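Chemist: Okay, these came from Swiss-Prot:
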- 1-68: transit peptide (TRANSIT)
- R93: fumarate binding site (BINDING)
- Y138: active site, proton donor (ACT_SITE)
- R194, G344, A347: NAD(+) binding site (BINDING)
- R194, N458, N502: (S)-malate binding site (BINDING)
- K212: active site, proton acceptor (ACT_SITE)
- E283, D284, D307: divalent metal cation binding site (BINDING)
Amino acid sequence: MTRTPFTLSLRSTDSVFKIRQSLSTVLSHSSTKIISRGYITIPITSTIAYHRPTIRLFNMPIAAPVRTLSSSQPLKRSTSPLPAITPAQNLLRLKAHLQNLPTPLLKHVHLSKIRREDPNLFFSVMRDELTDLAPIVYTPTVGEACQKYSQIYSGPEGLYLNIEDKDRIPEILRQYASKLVTPPQILVVTDGSRILGLGDLGIGGMGISVGKLNLYVAGGGVNPHGCLPVVLDMGTNNETIRNDPLYIGLKQSRVGLEEATEFMDAFMAAASEAFPKAVIQHEDFYSEAAFDFLARYKEKYRMFNDDIEGTGSVILAGFLAAAKQASEASGKPLRDHKVVFLGGGSAAVGVAKEMMNFFMMQGLTEDEARERFWLIDTKGLITSTRADVVSGKIASHKKFFIRNDTEGKEYPSLESVIEYVQPTALVGLSTTFGAFSEFAVRRMAELNQSPIIFPLSNPTSKCELAFSDALEWTDGRVLFASGSPYPPQQFKGTLREPGQGNNFLVFPGIGFGALQAGCKRITTGMITASAIALSEALTPEEKQKGLLYPRLERIRAVSARVAAGVVKQAQEDGVDTNETLRGLDIEALTEEMNKAQWWP
């Protein structure tokens, strides 16, 4: 196959790269070069070509930007100089342009272009318009962007490694690390196998890694030059995507878990050696792999899984607030809450395990806490007498919550489980739109003065229950939190604000806190501490309004508080190395986290 090569030139006066199409059909780079724009420096190696490169360039603008007043040197031109445009003018222009774009996806694409060309401008608009733009740069819009990643692709955004590179990963990352001026602080890594609730999107998962890091910077204050998005291309089982002529990933079926584990072993070892101070966040691996990798690497590397641990943390925080309100309304003890889950994937099991800490805080043993949960998957309530459990065919991660007390009776539907359990809380992680039926929701309202209902599946197109329906079917008594954002609703003359159990409220604080503490690893206690810190971050006004989570516009302050809680727990667990933070109380630690945040 004939390849069209390119060469790069860097002008020191304006740090602009121009792609020049070569007339030759042979790509020749005699030496490795470095570019540095956007999140992180990316080396150009001889392995780069237009077809399936091992390492691609990140944040490479396709045209020279207009000179601004902040430029260190004027551009040397023979013609009249360009007008000097202030950063404030650029920011106003970008905001106006975004307002004129008709769809969220077009806004997402334009913002991605701005981030590659001018990171300061991108994060300035994110700072000013975070509440409006978070759903654009991340869920729900990022789901569509990942589905259409190859169609809207306009340039490389991070580190792309495929299964064919398995034996070369240590060499690749050693060479890569040796050329970096700014080493990575945060790596967000996915294999694209379970993107949100949308399934296997292959190399399109890069959009999730980039989106998460956008939020790390905007919400957590991580320096964008220390962020590295990574996609591990192991093929895809999505035939529609794989057969698309525009698809830029490996056009083969996804490898099995054994081969994927060998690839992950190589990557985790090489990444931790090349970037010894970085935090590695696993994102959107399919359930079996997610649990296997978390168990395999948690005690060995500085890593966590956001789908399992981050989701568990944020839902535990919301449940802490909701359970207190519900118990105040009913007069029932906190330890008597009963929770039904619709969904048996990695996120559901991870959330349920984290929520067990709530009941253990009330004095229950671990076994007693586990008995407060009932999990429903596609076959119904998970019981010891169900056929797939008896035959041993049930996924291993579900075994922890098998019920042994149903006396041989099976409960195939959500409605039948609600009648059997009579729960106080209903949590959805099924990725099935509308799965919380009107009958189920109304029955929850009959059973509880303040029913706790958390439809958490992302994006909105996969959410189990809309906020408006939740209000109507419970006569406004619902304690509601969703995974994707819903707008406030007028109900009987009162403006009601929905809770959003968005991982955005915790994962920046977990990662940032682990970085600031210099953690050797990220403990289970640190994850639980992040949930407690989030629940304590509510202001008196937010509590008075019955909110379950802090408002998103306060995310920087919230992230600092979460990070402080993570640092404190790291010190108690003996995994911190930053001695300068030891001995500080939580208020002083929060102030230190605020000072350490990066701002555009």
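Glycine residues also receive a Cβ, built from the backbone N, Cα and C atoms like all the rest.
Set these features in their place in the structure for me.
Modeler: In the three-state DSSP scheme, R93 (fumarate binding site) falls into the helix class. Sequence-distant neighbours of R93 (fumarate binding site) (same chain, 6+ apart, CB under 8 A from its CB) do not exist here.
Taking Cβ-Cβ distances under 8 Å and a sequence separation of 6 or more, the neighbours of Y138 (active site, proton donor) in its chain are G211, K212, N214, L215, F504. Classification of Y138 (active site, proton donor) by DSSP places it in coil, neither helical nor stranded.
Look at A347 (NAD(+) binding site): DSSP puts it in a helix.
The 10 Å shell around the Cβ of N458 ((S)-malate binding site) contains 25 further Cβ atoms across the protein chains shown.
Counted within 10 Å of its Cβ, the other Cβ atoms near K212 (active site, proton acceptor) come to 28, all protein chains included.
According to its DSSP assignment, E283 (divalent metal cation binding site) is coil. On its own chain, E283 (divalent metal cation binding site) has V188, V189, T190, G205, I208, S209, K212, N305, D306, D307 as residues at least 6 apart in sequence with a Cβ closer than 8 Å to its own Cβ.
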Chemist: If you draw a 10 Å sphere on the Cβ of R194 (NAD(+) binding site), how many other Cβ atoms land inside?
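Modeler: Total other Cβ atoms inside 10 Å, all chains included: 25.
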Chemist: Consider the binding-site residues R194, G344, A347, N458, N502 and say which one has the Cα lying nearest the Cα of D284 (divalent metal cation binding site).
Modeler: R194
Chemist: Residues with Cβ closer than 8 Å to the Cβ of N502 ((S)-malate binding site), same chain and 6+ apart in sequence?
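Modeler: In sequence order, T139, V314, G483, S484, P485, Y549, L552 meet the Cβ cut-off.
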Chemist: Can you tell me how many other Cβ atoms are located within 10 Å of the Cβ belonging to D284 (divalent metal cation binding site)?
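Modeler: Its Cβ shell of radius 10 Å holds 27 other Cβ atoms.
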Chemist: With DSSP assignments reduced to helix, strand and coil, which class does N502 ((S)-malate binding site) get?
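Modeler: The residue in question, N502 ((S)-malate binding site), is coil (DSSP, three-state).
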Chemist: How many whole Å apart are the CA atoms of N458 ((S)-malate binding site) and G344 (NAD(+) binding site)?
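Modeler: That comes out at 15 Å between the alpha carbons.
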